[in-house]
Amino acid sequence: MTQQQRKDEHIYWAEKFYHEKENSLEGIRFIHQGLPKIDVEGVDIQTHLFDKVQAAPFYINAMTGGTTKAKDINQQLAWVAKRANIALALGSASIVTREEETLSSFLIAKEELQEGTFIGNIGLEYEPSMIEDVANRLEVDAMQVHINVAQELFMPEGNRTFSSWKKHLSMLSTLPFPVIIKEVGFGMSGETFTELIENNIQYVDLSGRGGTNFAQIEIARSNHRTENLATWGQTTAESLLEAQPFLNDLQIFASGGIQSPLDVVKCMALGAQSVGVAGYFLHFLLEHGKEKTLDEVLRWQEEIRLLYTLLNCKNHKELQYTNLFLSDHLQHWYNTRQIGQENFACRNKK
Ligand SMILES: Cc1cc2nc3c(=O)[nH]c(=O)nc-3n(C[C@H](O)[C@H](O)[C@H](O)COP(=O)(O)O)c2cc1C
């Protein structure tokens, strides 16, 4: 199996399992209030990412590159991202280090995006000097460095050596561009956030369980792994709770199972800087094409504005004080993990 075949298989299986999701964000509810004091036109949902202004607090997250099909997808995603003025992250560029001719499948997105926010992606198994080389060749605004230990271990041909990660991690903060440490759908813990801060990491994409599931995908590809591993990892909601004590030290990007503007707003209310969407927009693009995907992204932007109004919040900061009701499971998680004292249901009474 070549790396190129694997890339296309990931698209195939992600699409095949698209409808099998567990929306962990259902465990977070807003409390409706009937007396708003603001106007829709006074709501500001713009976001700043890496010194560039984005129209809305969500971006298209890392998916693909390296094959003819991936090139076509990247070009279409970039076409959408540019017109909607949102950031685009591309799939892992590790393939470029081995197969030079695959570079164009990534650069095509840069050409399409022009001045738009462009985020590269590669694994922590790579030496920081190599990560820098790839980032320079792609001319990115920031680089996601993925930590995908569960995926690798569930993948028959996956990596089995992780002892170099600690050293690589300790060197990433010296790179001359922003580095985002990113999961791939297994979520993060307070312990991981602490270690990232100790290594001077500022940006994290906690990519939790709940959407595209690489345990399920790799189990399906290998055809012989045990099914019970398909629920490995923290959901996006659990990961966001884990992140609460670290919101002053880390800029948190939330992703994993984001299916709607309401999901975006829930993540923002729990302190995210922005929210990543992968599988949903890939599925939409493959089903409906780039024009309708752009319409959908613009619809999300408008609906987020309406939801902020409904919550009586003019901006992201105010949203972080809005009241939230957590499911028994999430409240139990928060208490059992001794994360903090926050009473999410009465935040604006502070
Ligand atoms: C087809 C596909 C390929 C992916 N490839 C990568 C990758 O190369 N690097 C990475 O960090 N994440 C990769 N991801 C993971 C996503 O960026 C995201 O973390 C995960 O899919 C959860 O988000 P979702 O539920 O919105 O899909 C991929 C996702 C999909 C659907």
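The backbone N, Cα and C atoms fix where each Cβ goes, glycine too.
Predicted automatically and left uncurated, TrEMBL annotations should be read as such.
Since the structure is predicted, the reported quantities are computational estimates derived from the model, not experimental observations.
Among the candidates S92, S94, S163, the one that TrEMBL lists alongside A62, M63, T64, N121, K182, S207, T212, A278, G279 as binding FMN is S92.
Note on proximity: among K7, A62, A278, the binding-site residues of the record, the Cα nearest E152 (Mg(2+) binding site) is that of K7.
For R6 (substrate binding site) paired with T64 (FMN binding site), the C-alpha to C-alpha distance reads 11 Å. Scoring each of the binding-site residues (N121, S207) by how many neighbouring Cβ atoms lie within 10 Å, the top position goes to S207. T64 (FMN binding site) is surrounded by 25 other CB atoms, counting those within 10 A of its CB over all protein chains shown. Checking the binding-site residues R6, K7, N121, Q151, A278 for a CB within less than 6 Å of any atom of ligand 1 leaves N121, A278, listed in sequence order.
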